[in-house]
Amino acid sequence: METHLKAPESSLESYNEPSSCTSEQGVTAQELAKQGEELLSQLHRPLEACTNSCYCKQCSFHCQLCFLKKGLGIWYARKSRRRRTPRKTKTHSSSASDKSISTRTGDSQPTKEQKKTTETTMVTTCSLGR
C-alpha cells in the first residue's frame, strides 16, 4: 500500500517564482539604510538654538539640543545656592546664662543624694520578684 503524495501544481509554481518576501526585505533594508544616513547627517550638523521650554517627553527628545538639556537632565549653568534663613535667637537666653554650666549640659556624675535614691529604687524593684 504505497501512496504517493502528490504536491499540487500551484505549490510547485510558487517555489519557482521569486517570493514577495525577499522583495519586501530589500525595500525595508533600503529604507533602514536611508534612515541611518539621515540620522548620521543630523548627528554631524551643529546644534541649532531651540526655544522650546516644555519638558514633556515628546519635546525633550525632538532635537539633539533638547535631549542634551532636558532629556538627560544635565545643566552646565552654575546653580544658585539657596540661602538659609537666619536662626531665630532665643528669648530665654538670659535665664540660661544664670544657670551653671553643669546644669545646662547635664551632670555626668550624679551627686550623693541621687545615688541613694537610685540604690533604694533598685532594692525595692528586686524584692518584688516571685
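Every residue gets a Cβ built from N, Cα and C, even glycine.
Given the structure is predicted, the values throughout are model-derived calculations rather than measurements.
So that you can see what the record holds, here are the features copied from Swiss-Prot:
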- 11-28: compositional bias 'Polar residues' (COMPBIAS)
- 78-91: compositional bias 'Basic residues' (COMPBIAS)
- 96-109: compositional bias 'Polar residues' (COMPBIAS)
- 119-130: compositional bias 'Low complexity' (COMPBIAS)
- THR85: phosphothreonine (MOD_RES)
- THR89: phosphothreonine (MOD_RES)
- SER94: phosphoserine (MOD_RES)
- 1-28: region 'Disordered' (REGION)
- 50-66: region 'Cysteine-rich' (REGION)
- 67-77: region 'Core' (REGION)
- 78-130: region 'Disordered' (REGION)
- 78-90: motif 'Nuclear localization signal, and RNA-binding (TAR)' (MOTIF)
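All chains included, 6 other C-beta atoms sit within 10 angstroms of the C-beta of THR85 (phosphothreonine). Averaged over the region 'Core' (67-77), the predicted model has a pLDDT of 73.
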